[in-house]
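The structure appears below as structure tokens.
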Amino acid sequence: AQSLSFSFTKFDPNQEDLIFQGTATSKLDSAGNPVSSSAGRVLYSAPLRLWEDSAVLTSFDPTIYIFTNYTSRIADGLAFIAPPDSVISYHGGFLGLFPNAAESGIAESNVVAVEFDTDYLNPDYGDPNYIHIGIDVNSIRSKVTASWDWQNGKIATAHISYNSVSKRLSVTTYYPGRGKPATSYDIELHTVLPEWVRVGLSASTGQNIERNTVHSWSFTSSLWTNVAKVGVASISG
């Protein structure tokens, strides 16, 4: 059996277990504000094994505590990601995950992400007309979404899970004393992602800015092989 487990309550660029990319190291202007048209990621340094022998039976439960704050107009949000590489992409509504279709002709990339989208005014991205959570597979156009009762300046709990038997990726996020919006999508991860990936968080700004602060992030996983030599990974984070 193989396993991956970590828990962070602070994020320091000097931490050996974390990879900071782009503006993830709190890039601020002279007034102490985040910078517009920028993107940043934090990845866990050790790669995660998702599957073995072309069989994916993965279960995971990431838990993240997120604080989002804006002072003028909301920006683009934050995403939990499982990318096949460490290359940061376009800012703005692309969340540092996907190329700009206007420049490259495509808005796709091999990645699975759960987005916490605070800027819903992006009809070109297929966004619904409300702040939402969504599951993205290879495209910024979410496969499924759910309305998010987002509270500016308050800490939200986000819980993500992938069930290895049902092949269901689920997400719920909530504030104390409020409802728990949730959505899910059925996917076989080995059809989208390579055997080894890194997990992390990605955020970006466009013309508008907001500060996304992660107060804590926990993650555990394990990989088994049964008698039929089928790879099974369990992930919590």
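Glycine is no exception: its Cβ is also placed from the backbone N, Cα and C atoms.
Some features that Swiss-Prot has for this protein:
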type: CARBOHYD; residues: N69; note: N-linked glycosylation site
type: MOD_RES; residues: I106; note: blocked amino end (Ile)
type: BINDING; residues: E115, D117, D127, H132; note: Mn(2+) binding site
type: BINDING; residues: D117, Y120, N122, D127; note: Ca(2+) binding site
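Taking the features listed in Swiss-Prot, we show where each one sits on the structure.
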residue: E115; record: Mn(2+) binding site; Cβ within 10 Å: 27
residue: D117; record: Mn(2+) binding site; Cβ within 10 Å: 27
residue: D127; record: Mn(2+) binding site; Cβ within 10 Å: 21
residue: H132; record: Mn(2+) binding site; Cβ within 10 Å: 22
Field: Per DSSP, three-state class assigned to D117 (Mn(2+) binding site)
entry: strand
Field: Three-state secondary structure, which DSSP defines for D127 (Mn(2+) binding site)
entry: coil
